[in-house]
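Peer 1: Have a look at the structure that comes next, please.
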Amino acid sequence: MAPSQTLVRAAVLALTVLQALALDTFIAAVYEHAVILPRTIHKVSPDDALALMNRNMDVLEGAIKEAAQQGAHIIVTPEDGIYGWVFTRETIYPYLEDIPDPEVNWIPCTDPTRFGRAPVQERLSCMARNNSIYVVANIGDKKPCNSSDPKCPSDGRYQYNTDVVFDSEGKLVARYHKYNLFRQETQFNYPKEPEFITFETPFGKFGIFTCFDILFREPAVVLVSELQVDTVLFPTAWMNVLPFLTAVEFHSAWAMGMGVNFLASNTHNTIMSMTGSGLFTPHGPAMYYYNSKTKEGRLLVAELSARPRLSPNYPAAVNWSSYATSVKNYSGENKTFPGAVRRDIFTFSELKHKAGNHTVCQKDLCCHLTYQMSNKSKDEVYVLGAFDGLHGSVIKYHWQICTLLKCKSTDLSTCGQPVETAQTKFAMFSLSGTFGTNYVFPEVLYSGVQLAPGEFEVLSDGRLQSKNGTSKPLLTVTLFGRCYEKDLPHPLRSFLFLHNKKRKQL
């Protein structure tokens, strides 16, 4: 038999076996970890670095064992979950390992020294193998380079913020280098090109990216819209920012807007406002956790659809501007005023009555709201707001946002400032906007930074509306749009490339 025929038959056999083992549902887990941080900001020895990483892995191993005992097929652990985040380029180096391409077919647990010293990969692989569970973790990768590479850093190596996935036998099946670094991640390099990492399992097709990546088209949107993954794995170290970017709020909205399962594992650090993990689906959260008071981590486990797009109740496609462009702007006492949400200047209009219709416009975006309050607290003010523009101080990307939100006080100058509690409930609301994008994420946030699963719906014409009023006092109702094609070129990638090139010429 010709070799090519043998390979084809082997591939067909593997696909047949995978289909035969296919599951309709699977049990997923995420662990929010209170990371043990380094005691010093100075560079430590490799042995001291490993000692700290082992302390964190001791905690993660306990969570992994518990998840496996509850029947979980896969568990996601946080970004920076093994060594923390207080580093420079030099001080993080002892924590890094050389992580090979998964095509090498490697089980570190049974062959730990094949690619040099790799005690962290060995231990993670053994956690997966010993507990028969897929393990997702975030560690640091190092890759040597030299003067033949014009982008090679002056210290002769690339350092990457890296996610790894080990299957239930302990084999390395995925490696992802974070493409969109947060501005403070100067210890790491940007990959030269975005990576679109997927892998198949008996319980669906998975993709993976990290934290800040979620706000950009590459790789996040490409994985879901073009590569059609069923579930996204998302290690993160997310600092909560009200009113629109708390972890559970935005991650749940992204899963609904993209129509995908989303397994988000956050670090837990109350000083840094880091909390909020969840198992999110196209219909909302299956389970989530947000607690800014405790210092403890939390394991979440839930059963999810393995291939949500094949489900008979998969959400219908939405034309996000259909309704809003078909109605005239509401007239009346809709006086507007500017207000800041951090650096972004919104156009706001106060909701002065217990019920009514409002329209607020900014540039190409008009936001329409119909509402009725159940109990209007005299000490609370709500506004309808619109924002259509670039967000960000260094990395600039385009948002379109329609929002109903509670102001911090009755002083209108506080509208847009962070607020966590409210007293006013709504009998109904319906929010829509003339969005210039198909990528819109629906958010409803209750007092205490709590989600509202099952209490709202998105209609096919783009209206976000309540089903039977709000069961709890309301903080925000938001349609969060991303116009990726209007983003400005990434300044840091261009700067770092030119900076390294200039240094090599000196």
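Glycine too: its Cβ is placed from the backbone N, Cα and C atoms.
Checked TrEMBL, it gives:
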type	residues	note
ACT_SITE	GLU79	active site, proton acceptor
ACT_SITE	LYS178	active site, proton donor
ACT_SITE	CYS211	active site, nucleophile
DOMAIN	31-306	domain 'CN hydrolase'
SIGNAL	1-22	signal peptide
Peer 1: If I take every residue in the domain 'CN hydrolase' (31-306) and average their pLDDT values, what number comes out?
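Peer 2: Taking every residue of the domain 'CN hydrolase' (31-306) together, the mean pLDDT is 97.
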Peer 1: Could you state the whole-number distance in Å separating the C-alpha atoms of GLU79 (active site, proton acceptor) and LYS178 (active site, proton donor)?
Peer 2: 10
Peer 1: Are there residues of the same chain, six or more positions away from LYS178 (active site, proton donor), whose CB falls under 8 angstroms from its CB, and which are they?
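Peer 2: Same-chain residues close to LYS178 (active site, proton donor) (Cβ under 8 Å, separated by 6 or more) are TYR160, ASN161, THR162, ASP163, GLU185, PHE188, PRO191, PHE209, THR210, CYS211, PHE212, ASP213.
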